[in-house]
Amino acid sequence: MVFSPRLSAFVALVALTNAATAVPMYGQCGGSGYTGPTQCDPGLVCVKLNDWYSQCQSGGAQPPVTTTSSPPVTVSPPPSTTTVAPPVATGPPAPEIPAGQLTQLRSFGNNPSNISMFVYKPQNVKNRPGLLVALHPCGGTAQQYFSGFPGFRQHADQRGFIVLYGQSPPGSSNCWDIISTASLTREGGDDSTGIASAVKYALQNWNVDPEKVFVTGTSSGAMMTNIMAATYPDLFKAGAVWAGTAVGCLSANTPQFPPDPCQSGTVIRTPQEWGDRVRRAYPGYNGPWPRMQIWHGTNDFALDHKNLAEQMKQWTNVHNISQTPTSTSPSTPRQGWTKQVYGNGLVETFSGQGAGHGLPESGTEVVAMDFFGL
């Protein structure tokens with residue numbers, strides 16, 4: 001069969017176009033309302049994490065930089081202590097935790113909803129390490145967040161901090177409780193209580209620097225990030241929210257059909273109303289609040305982009321600063337993203353033109369790590 005030059009050129013163009021639009025490792029490849037490319041790079045498969053988000057992963061979905069191919073191991077903690085003072089450092093922290101792999105903590109204190117916690121300690125962990133709590137999206141797991149969003153542990157390898165990966169409790173559809181009064185209240189007896197217990201355990205037993213404790217998460221994990229900053233502002237110095245909603249916005253823990261009004265971006269409140277929802281999480285608290293960094297894409301079909309502005313209103317009100325940005329930086333940290341700073345850097349927002357729900361985009365995690373000072 002002989003092809004005409006014009007047809008041959010067309011075939012070559014199609015091949016080039018398909019190659020250009022193939023989704024790289026950990027990129028979004030599907031989900032309800034998603035209109036971007038769905039074909040993964042060679043050797044990758046499109047893995048459904050929930051109705052709203054599918055991600056390109058390797059066939060075995062194995063973490064690319066771990067030092068072991070073994071599944072997560074479980075260790076028993078040392079006997080609990082009644083003091084909150086950190087131990088005197090006599091060597092590398094957390095000697096009972098294997099370095100360079102994901103390790104499950106079997107017990108870490110008060111855990112009323114039976115969440116699971118996993119720890120990643122890098123080989124070069126600092127003697128006085130920082131701590132990052134990383135919370136998976138709805139439909140995900142701690143292992144999936146560890147493998148599918150590798151930037152956090154890669155930066156832990158480079159900077160020597162410890163990462164705690166939370167996992168939502170059994171029977172939760174792998175979603176965090178972001179609506180109950182118990183979870184939205186300090187020591188209320190739900191998911192937020194268990195996460196805080198794990199942080200307190202790390203502070204008591206691993207020589208973690210209390211000035212370098214941070215929280216981050218995607219989607220449902222982003223919502224829980226906001227909740228942790230609201231319920232335990234004395235534990236966390238800052239949070240980074242990837243595709244989330246304001247505290248007290250959603251009325252259900254799992255995606256709804258038709259969408260919850262908050263999902264659709266139709267829940268609009270005043271800064272004072274949003275701020276009050278944070279303040280109610282810890283009545284009487286008058287200390288400093290965590291700095292907050294908020295990321296959202298304009299093509300997020302799971303949680304409307306309008307939720308970025310509502311979160312900004314909430315946290316600027318909590319910090320008692322203006323809702324007018326002090327600076328705007330286009331093409332930051334990359335083309336298509338716009339950064340806005342509020343007050344003296346207490347709140348930052350990043351709006352991604354054309355970005356979907358699968359945040360963080362690979363390579364943008366470093367901006368959050370720098371914001372934290374890890």
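The backbone N, Cα and C atoms fix where each Cβ goes, and this holds for glycine too.
As the structure is a computational prediction, the values presented were derived from the model and not from experiment.
Pulled from Swiss-Prot:
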type: ACT_SITE; residues: SER219; note: active site, charge relay system
type: COMPBIAS; residues: 63-73; note: compositional bias 'Low complexity'
type: DOMAIN; residues: 23-57; note: domain 'CBM1'
type: CARBOHYD; residues: ASN114; note: N-linked glycosylation site
type: CARBOHYD; residues: ASN320; note: N-linked glycosylation site
type: REGION; residues: 58-99; note: region 'Ser/Thr/Pro-rich linker'
type: REGION; residues: 60-86; note: region 'Disordered'
type: REGION; residues: 100-374; note: region 'Catalytic'
type: SIGNAL; residues: 1-22; note: signal peptide
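All features noted in Swiss-Prot, drawn onto the structure.
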residue	record	Cβ contacts under 8 Å, 6 or more apart
ASN114	N-linked glycosylation site	PRO169, PRO170, GLY194
SER219	active site, charge relay system	ASN50, TRP52, TYR53, PRO137, CYS138, TRP242, ALA243, GLY244, ALA302, LEU303, HIS357
ASN320	N-linked glycosylation site	none
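Residues 137-140, 144, 147-150, 174, 219, 255, 299, 301-302, 356-358, 362 of the same chain lie 6+ residues outside the domain 'CBM1' (23-57) yet bring a C-beta within less than 8 angstroms of a C-beta in it.
Shown for the domain 'CBM1' (23-57): DSSP residue counts in helix, strand and coil, namely 0 helix, 17 strand, 18 coil. The DSSP secondary structure for ASN320 (N-linked glycosylation site) is coil.
Taken as a whole, the region 'Ser/Thr/Pro-rich linker' (58-99) shows an average pLDDT of 52 in this prediction.
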